[in-house]
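S.K.: So Swiss-Prot says this about it:
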type: DOMAIN; residues: 68-275; note: domain 'ABC transmembrane type-1'
type: TRANSMEM; residues: 19-39; note: transmembrane segment
type: TRANSMEM; residues: 76-96; note: transmembrane segment
type: TRANSMEM; residues: 111-131; note: transmembrane segment
type: TRANSMEM; residues: 150-170; note: transmembrane segment
type: TRANSMEM; residues: 202-222; note: transmembrane segment
type: TRANSMEM; residues: 254-274; note: transmembrane segment
Amino acid sequence: MSLILPLEKPALNLRPLLWLLLPLLVLATLFFWPLSLIVEQALRGANGEIGLETFRHVVDSKRFVGALLNTLQIAFFATAGCLLLGSAMSLILVFIPFPGSELIGRVVDTFIALPTFLITLAFTFIYGSAGLLNGTLMSLFAFELPPVDFLYSMQGVILAEITVFTPLVMRPLMAALRQIDKSQLEAASILGAHPLRVIGQVIFPAALPALMAGGSLCLLLTTNEFGIVLFIGAKGVNTLPMMVYSKAILESDYTVACMIALINIVLSLGLFSLYRLAASRTGVRS
């Protein structure tokens, strides 16, 4: 007669759930709860009811439409400038080494650690109305007014953001360029390929993931950049982060400020989704 022994169920291991609970609590406390407060404040109308009254009021405002267009224009032009300048400098530093190229690479790395207001302060000292360039030109050619006045415009903001965020493109791009097999470049040169063709058919496909990663990061940062626009004080240049600041701090209109901040968050998530879509279409893993 055989005995049938009951099978013992293994004890439930709760340790993985406990390890998961801690980061969820941190996210809920530091991110989801403040975000929910912003959403609740943005959707609460003047009568205290939840609705889209504030949203309709904001999107119908010409000031908001202008700030949205300025934000997108600055973000796209600054990102394009970062990609062009970062690509050119990375190609030179990696494939055309010269005395001091390593030092320049280290200086580029240090730019990432600098606060943005230091770059804008340097721009003010150089290109400002009483800066070094205008002072020199006015003393040499007896100009009555400063001849260089682009700094306090959208062009000045874009140039400052290109200077600040180009290293974010260069770091991953230079790392990717150093991984390219030099024998492929030598073979293309021996076969008589033009340098531009080598860049387009050999270097660019290998560097595309790094370009997309750096470009997407620049696009998100320039969309949400606040310090450069505020410090330069560009005339007539209002962006969504600047509008959030003015509504909350200067006008004490927290409901409208929260709604604009919520729209800015949705815009950033939309741009990031476009990047992920483009990355999946091109076969780039991210």
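Glycine residues also receive a Cβ, built from the backbone N, Cα and C atoms like all the rest.
Walk me through where these features lie, including what they touch and how far apart they are.
M.R.: Residues 258, 261-262, 265 of the same chain, all 6+ positions outside the transmembrane segment (19-39), place their C-beta atoms under 8 angstroms from a C-beta of that stretch.
Within the chain carrying the transmembrane segment (202-222), a Cβ under 8 angstroms from the stretch's Cβ atoms is held by residues 74-76, 78-79, 82-83, 86-87, 91, 161, 165, 168-173, 175-177, 179-180, 184-185, 188, 268, 271-272, 275, 278-279, 282, 284-286, all 6 or more beyond its ends.
Sequence-distant contacts of the transmembrane segment (254-274) (same chain, at least 6 residues past either end, Cβ-Cβ under 8 Å): 35, 38-39, 41-46, 54-55, 57-58, 64, 67-68, 71, 75, 216, 219-220, 223-224, 240-241, 243-244, 247-248.
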S.K.: Near the transmembrane segment (150-170), which same-chain residues lie under 8 Å Cβ to Cβ, leaving out any that are not at least 6 residues past its ends?
M.R.: 70, 73-74, 77-79, 81-83, 85-87, 89-90, 93, 108-109, 111-112, 116, 119-120, 123-124, 127-129, 131, 211, 214-215, 217-218, 221-222, 225, 228-229, 232-235, 237
